[in-house]
Amino acid sequence: MTRIFSGIKPTGHLTLGNYLGAVRRWAEVDQHRADALFSIVDLHALTVEHDPARVRRLSRQAATLMLAAGLDPARCTVFVQSHVGAHTRLSYLLECTATDGELRRMIQYKEKSVRAKAAGQSVRVSLLTYPALMAADILAYRTDEVPVGDDQTQHVELTRDLAERFNLRYGPTFTVPRATNPPVAARVMDLQDPSSKMGKSHESGAGIIYLLDEMDVVRRKVMRAVTDSGREVEYDPVAKPGVANLLEILSACGGGNPSELAGVYESYGSLKQDTAEAVVELLRPVRARHAELAADPGHVDKVLKEGAERAREMARPVVDAAYEAVGLLPAG
Ligand code: AQP
């Protein structure tokens, strides 16, 4: 059976981008067709300045939202990365496989290190080594597929390179995974700045739809989305990125492809109105289920505990084999 791994960082409240680009597909498709693991990758949230209490709160919230979105612990494994020691154990071996140049070429490292410096902060070593930990997250489970939004494709490509290099040097140990992107909304853009991704850790809340935003707030954010000059509704991501983003969101909510949808609208206003309502309807059941689950944190904790136990069992033999392959004495 195909093995799938994917994760979400507790760096902010989950956004429409996380939902359309990842979580919805995990729930609707991936958990039904594969042996899937979905992780709250909390260690990755420590690569930039963070507030410990907030990370803890966001981790539980992310888990609750993942379940609210339809992940079913009877079908897939939902767990917190830091509960499974195999990830950091394997990460070190992959740091010994990756090169400094490879890690420095990662777009996310470049962008985030520039951002940290601009904010007068120092750049943590873990920001540079982040892709080695992400590779460990994936390779520890002999993962075949990694469903991600296209912002993570470069990291999955590096994971492939590291797996191949390791296998070549030390013998077949890891499955070489591949990234899969959702058919639409692989990259939902910020409504106020359609040149940048709708990212949950980004500052401008006005351009970001959070899954737990009140319905009126969702409507207001969509209605105030930046559109482009001209009046015609066309699907042209280069010339009209704001309108294209709305069309992609609408398409992801209700079907129909963005170019066809463009032909249906005569004004930006009516496009925004329909997009706002489509997003509100999409999120309504998730919010309702979240409210039920949030009232029973013991249930979420139990799911995470059982998920971590399953994940540990799966990862242990793979990581032990990797330790042995590089020449380390078995612990006995
Ligand atoms: N805007 C997006 N459009 C489509 N997919 C997205 N994803 C994230 N944003 C979008 C996908 O959601 C999964 C989990 O994302 P993440 O936690 O790794 O990243 P984030 O939500 O973008 O959080 P940050 O902290 O704001 O990230 P960065 O590091 O970019 O600053 C992934 O599958 C991701 O592709």
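Any Cβ shown, glycine's included, is placed from N, Cα and C.
TrEMBL annotations: computationally assigned, not manually curated.
Range 197-201 is the one annotated as motif ''KMSKS' region', of 122-126, 197-201, 212-216 (source: TrEMBL). With every protein chain in view, the residue among the binding-site residues D137, D150 whose Cβ has the most Cβ partners within 10 Å turns out to be D137. DSSP states for the motif ''HIGH' region' (10-18), grouped as helix (H, G, I), strand (E, B) and coil, give 3 helix, 1 strand, 5 coil.
Helix, strand and coil content of the motif ''KMSKS' region' (197-201), in residues and according to DSSP, is 0 helix, 1 strand, 4 coil. Looking only at the motif ''HIGH' region' (10-18), the predicted model's pLDDT averages out at 95. Between the binding-site residues K9, K200, the minimum number of other C-beta atoms within 10 Å of a residue's C-beta occurs at K200.
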